[in-house]
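Engineer: Before I ask anything, here is the structure I am working with.
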Amino acid sequence: MTARILDGKAVGARLRAGLGERVAGLSFRPGLRVVRVGDDPASVVYVRSKDRAAKEAGFDSETILLPEDVPESELLATVRRLNADPAVDGILVQLPLPKHIDPQKVLEAVDPAKDVDGFHPVNAGRLAAGLPGLVPCTPKGVMHLLAEAGVKLSGARAVVLGRSAIVGRPMAALLLAADATVTMLHSRSRDIAEECRRAEVLVAAVGRAGIVRGDWIAPGAVVVDVGINRTAEGKLTGDVEFEAARERAGWITPVPGGVGPMTIACLLENTLEAALARRGRAELEPNGGVAEAHATPEQSYGHGPGLA
Ligand SMILES: NC(=O)C1=CN([C@@H]2O[C@H](COP(=O)(O)OP(=O)(O)OC[C@H]3O[C@@H](n4cnc5c(N)ncnc54)[C@H](OP(=O)(O)O)[C@@H]3O)[C@@H](O)[C@H]2O)C=CC1
Ligand SMILES: Nc1nc(=O)c2c([nH]1)NC[C@@H]1CN(c3ccc(C(=O)N[C@@H](CCC(=O)O)C(=O)O)cc3)C=[N+]21
């Protein structure tokens, strides 16, 4: 069996187009502010993509650039100014931050109602408790991809490799909210290969090229590769041995063109949700509102789960 490709570039573009239509129908432009400190090359690329996507969809987007040596107090003052600005609906402070700045302090300074990254402990706690809130963009994007493929998560064995606060933990919480049976694996886990072989849905978020071997994939499994690693030749590659895994999986995301573009689309989705919620026009939903598979036969991925 050769896996079908879960095309995050296409799904993300469709999601952004739909958001653009919704924004065009509003009497205001949802405001997004991305704060970038210093010139980390990857951050320069990502922040530019976010700004371009936001503007294309009709958002009021601005990037705030601060020098690498900006004092922590000044970054915190910038965040507070954005918290107080009524034109601002979403605030994102790009990570990583320089070593002299405590990232946790900065993330906790963001107004939870404008925390479109979903990284504030209030939003993380809400997600863990199954309450409405803003949900981190990357795992939310993964849920959209699983829905797109028509994957039935209820009762499914899902394995999440990685337990970071920005990917692995919220990913596991979203899968649990969708009634999957969730196993979390991390650097202290034993028998990782065997655990992965039991997965009907496998999400890899480690940051080590090819750590997930092709023979760890159960026949027909849905494989989502969050990892972004740069090879010696400068190419992007995921955490999964793609070619070998594709021979066994039912569905698989490529890198690039898989989860990455969904992260950006979900940032815009969160900004629209925050804008509507702040104005009392809509309620935030638990789990970002994407816990249910919503694929229909008309959609490009057809129907039915990718499970064998
Ligand atoms: N596509 C996208 O939009 C995004 C992609 N990424 C990418 O996803 C990857 C993960 O990011 P992030 O979660 O921030 O990374 P972190 O480094 O914060 O977390 C990595 C996780 O992997 C675990 N781990 C490390 N080594 C092993 C191992 N040998 N076996 C099992 N688990 C291991 C760690 O375990 P422990 O906790 O025990 O240390 C940790 O939980 C990176 O490649 C990153 O670039 C990240 C964000 C967005
Ligand atoms: N506060 C904060 N929020 C984040 O969401 C955040 C962050 N900091 N720091 C860095 C990580 C990483 N991240 C990505 C976004 C888009 C792609 C993406 O679009 N990737 C393209 C390729 C891009 C390229 O060619 O380099 C793809 O996978 O197809 C990847 C990774 C968001 N992050």
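Placement of Cβ uses the backbone N, Cα and C atoms for every residue, glycine included.
I grabbed these lines from TrEMBL:
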- 6-117: domain 'Tetrahydrofolate dehydrogenase/cyclohydrolase catalytic' (DOMAIN)
- 136-276: domain 'Tetrahydrofolate dehydrogenase/cyclohydrolase NAD(P)-binding' (DOMAIN)
- Gly162, Arg163, Ser164, Ile228: NADP(+) binding site (BINDING)
- 286-308: region 'Disordered' (REGION)
Engineer: Which numbers of helix, strand and coil residues does DSSP report for the domain 'Tetrahydrofolate dehydrogenase/cyclohydrolase NAD(P)-binding' (136-276)?
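Structural biologist: Summed by class, the stretch gives 54 helix, 26 strand, 61 coil.
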Engineer: Mind looking up the mean pLDDT for the domain 'Tetrahydrofolate dehydrogenase/cyclohydrolase NAD(P)-binding' (136-276) in the predicted model?
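Structural biologist: A mean pLDDT of 98 is what the predicted model shows over the domain 'Tetrahydrofolate dehydrogenase/cyclohydrolase NAD(P)-binding' (136-276).
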Engineer: Using a Cβ-Cβ cut-off under 8 angstroms and a sequence gap of six or more, which residues of the chain neighbour Gly162 (NADP(+) binding site)?
Structural biologist: Gly168, Leu185, His186, Ala204, Ala205, Val206, Gly207, Val226
Engineer: DSSP on the domain 'Tetrahydrofolate dehydrogenase/cyclohydrolase catalytic' (6-117): how many residues come out helix, how many strand, how many coil?
Structural biologist: 56 helix, 19 strand, 37 coil
Engineer: Counting other Cβ atoms within 10 Å of each Cβ, which of the binding-site residues Ser164, Ile228 scores lowest?
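Structural biologist: Looking at the binding-site residues Ser164, Ile228, the Cβ with the fewest others within 10 Å is that of Ser164.
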